[in-house]
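The annotation transmembrane segment is assigned in TrEMBL to 42-59, 65-86, 124-148, 160-185, 205-223, 269-287, 307-325, 337-357, 369-386, 393-412. If you look up TrEMBL, you'll see 66-225, 276-410 marked as domain 'Sodium/calcium exchanger membrane region'.
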Amino acid sequence: MEGGSSPPTPSPSDHGFSPAEVPYGRAHPFHMAIVKIGSHPYLRALVVFAPLGLLSGILGGPQPMVFWLNLIALVPLMALITIAIAELSATLGPFLHELLKATLGNSVELMVGFVAAQRGQGRIFHSMVVGSILCYSLLVLGSSFLVAGYDKEHLYFDRTLTSIMSSLMIVVCIALVVPGIMVTFPSLDTISLKAVVTSHEVRMVSYGIAIILLFLLAIFLLFQLKTHAGIFHVAERTGRAQLEDSDTESHRGDRVQEEHVAVFTPRTACLALTEGVSCLTLCTVYLVDSASAALERGTNTSFPVLIWVPLVGNLAKSLTIVVIARQGHVEAAVRTILNSVLRLTLLVVPVLVLTGWTLGQSVTLQLDNFEATMLFLAAMVTNHVIHEGRTNYFDGLMLCGTYVIAGVAFYVCPGISPSADVVTVNTS
């Protein structure tokens, strides 16, 4: 709360951006933090696991070794992709930038889901999606609140914006569990002898939900970038003002200098993005194949796919969110987490379902009952914690504890066959 004569952190409007064009580039705290983390020597050294993982997969090494080598290789590759996307934000319009973040910003989920869909292994796709949502909404959000608020009485963030985004997250999660509910409770007519939910009906409902989710994404982008862009703009300025009140003069000066640091030129960023996505795609092929081999042997791989793949694959991004929360950017951390979940569920999931349809693979949204239950509970808990726009470190600790409980439950839960993607229920 110290005063000073140094200039305040410039708002988006000071740079000539309209409310609908608030940049997520070099001036954004997430970008500055991911550059520091992604450039760390220890993390950059992990890139050696990429050729090791590919080589082990080509030579047919032990499946656990193939899995872990390729999984660790995802860490530096995702950091590179995230930095490149942030650098390209200065040259892209807001719509293209959001689209790029929704697709390549979720490269781990997108590539793992695509390979699983191509292989007709819907369960791996389901586990990846559920695990990523649980990781973001419970572990990353809880860790952010914990490290940001352990020495503060309360943490504050924009209530209106978080309520809108968390409510949309609940609606999306409800849509994702509908096919599973259809199969579990096929009919209210207890007299009928043909209360059957066929695989065709589950597929049609899944395809319909996927199309509706894409429609919701289009409306949400219109809402965010056009009709109600002022809500997001006000939240951005409020977060900056709160941070400035809690910063010292020296810290503010450091941040103003950091905002003008460029890592890549646009051309170099495109090359880095292409190389990162290409290597990540190859690594995910062997990652999915090794997980599929374990499933076919009857080994329970729900835990690795649900827990380890989202946690390790998005490690750099998750650490960055926690770091910016500790720096005082709680508003930015919450928005980044909710945006990550919404981009995953509104774009990646429906695109993969429809891709499976075009490839002739039965990739539906029929989640396992336990996975669907945990997904819905996580959405409810997250909404309850953030809907007031105020939280504390104990709320974060509870979210982390919920994630640990879910992880233990998935660890002891018996595995599911990868081919058991659709179940036909007959109550006769």
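Note that Cβ sites are derived from N, Cα and C of the backbone, with glycine treated the same way.
Helix first, then strand, then coil: DSSP counts for the domain 'Sodium/calcium exchanger membrane region' (276-410) stand at 110 helix, 2 strand, 23 coil. If you look at the transmembrane segment (42-59), the same-chain residues 6 or more away from its ends with a CB under 8 A from one of its CBs are 65-66, 69-73, 75-77, 79, 279, 282-283, 285-287, 289-290, 316. Below 8 angstroms of C-beta separation, residues 24-26, 28, 30-31, 34-35, 37-38, 43-44, 46-47, 49-50, 52-54, 56-57, 97, 100-101, 104-105, 107-108, 263-264, 269-270, 272-273, 275-277, 279-280, 283-284, 286-287, 289-291, 294, 304, 308-309, 312-317, 320 of the same chain, each at least six residues beyond the ends of the transmembrane segment (65-86), sit close to that stretch. Between the transmembrane segment (307-325) and the transmembrane segment (124-148), the number of CB pairs under 8 angstroms, six or more residues apart, is three or more, so the stretches are in contact. In this chain, the transmembrane segment (124-148) touches the transmembrane segment (393-412); three or more CB pairs sit within less than 8 A of each other, excluding pairs fewer than 6 residues apart. Beyond its flanks by at least six residues, the transmembrane segment (160-185) meets 129, 133, 137, 197, 201-202, 205-206, 209, 212-213, 216, 220, 231-232, 235, 334-335, 338-339, 341-342, 345-346, 349, 364-369, 372, 375-376, 378-380, 382-383, 386-387, 389, 423, 425 of its own chain at Cβ-Cβ distances under 8 Å.
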